[in-house]
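Take a look at the structure set out below.
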Amino acid sequence: MVAGGRSESILQTSRYLATWIIGGVVLGLSVVGFCLAYPERPLAIWGMRRKKKKGPVRVYMDGCFDMMHYGHCNALRQARALGDQLVVGVVSDAEITANKGPPVTPLHERMIMVSAVKWVDEVIPDAPYAITEDFMKKLFDEYNIDYIIHGDDPCLLPDGTDAYALAKKAGRYKQIKRTEGVSSTDIVDGGSGSGTRVSHFLPTSRRIVQFSNGKGPGQDARIVYIDGAFDLFHAGHVEILKLARGLGDFLLVGIHTDQTVSANRGAHRPIMNLHERSLSVLACRYVDEVIIGAPWEVSKDMITTFNISLVVHGTIAEDSDFQEEKRNPYDIPSSMGILKLLESPLDITTSTIIRRIVSNHEAYQKRNERKAESERRYYEDKSFVSGD
């Protein structure tokens, strides 16, 4: 009886093994047949091949980041929240020109801007406008990217196709919500002088908290103060803020009101309103805190209240002739011996950016018309497919 029971057990085990072997062969042949029938599907295998790994989740987001504004910064903030490290690809000048028209800010300035955003961990220059198969493989294999991120607004190639189609097929695509109320197109129109820009941005305390650092200066911190309009936040602003931050432990930035900017720089300024300008400055990694609606003159009371150790101002600025004015806004810190003039690293002002926009206005108009037409075709195609 014992011998018979062993034979039965061996027979049953053999059947199980045979079933597993045959099943494995059938599965293997099915995969081979599937790959032969659908040669493009190895993209999906990349998605399948992603294993749970120890270490940080790395996410990738790319863009033109031309005339970088708080909407771009908010997109990067959301992307960073989907992982532990954010790698950002900055599209080359040539690729932008081919797909959208000439950029207002060249690549080296856009690299400065993106690198300065506090949610960005790494930057890749000269990224392609569309995610190609080769570039996607490079992201996965060389940069260890887990997911590719983009907003819920369409990013279309000149032929109307989706620039992220391959990433979606690979199963490694995640989407974030677009920030309403601002776009580079909108800013170009406002900066061209073709009309006064009307902001559609609705500021909330929640958004300000999301952009804030959430901590104040230490007890013995050396607090540096710099103020300005910071309109059309650009690489010149970033570089002077970086210099200022290096002079102390805590950088406090005063953002002038719309009325103050208009009074000192003309009726069509600022292009961006106070809260838009404040968010752009808050997103900069060199800034610790901002005063939203700072006074034009730096008073003794203000210096005492914020415990300011040093007041700085750049040599390249819209109001660089402040020392010749009857009402010098820096008289008090100057008399206290705490005013320092910083040599600006870049010869760029808001007026520089506006001149670029005006000189290329026709090209930008054509760019915006092409973008509008591509988006119209995209939504028409989606409507046709869905049967709406």
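Just so it is clear, glycine is given a Cβ too, placed from its N, Cα and C backbone atoms.
TrEMBL annotations: computationally assigned, not manually curated.
As recorded in TrEMBL, the features of this protein are as follows:
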- 60-188: domain 'Cytidyltransferase-like' (DOMAIN)
- 225-355: domain 'Cytidyltransferase-like' (DOMAIN)
- 367-388: region 'Disordered' (REGION)
- 17-39: transmembrane segment (TRANSMEM)
For the domain 'Cytidyltransferase-like' (225-355), the number of residues DSSP places in helix, strand and coil: 48 helix, 29 strand, 54 coil
Secondary structure content, the domain 'Cytidyltransferase-like' (60-188) (per DSSP, counts of residues): 47 helix, 29 strand, 53 coil
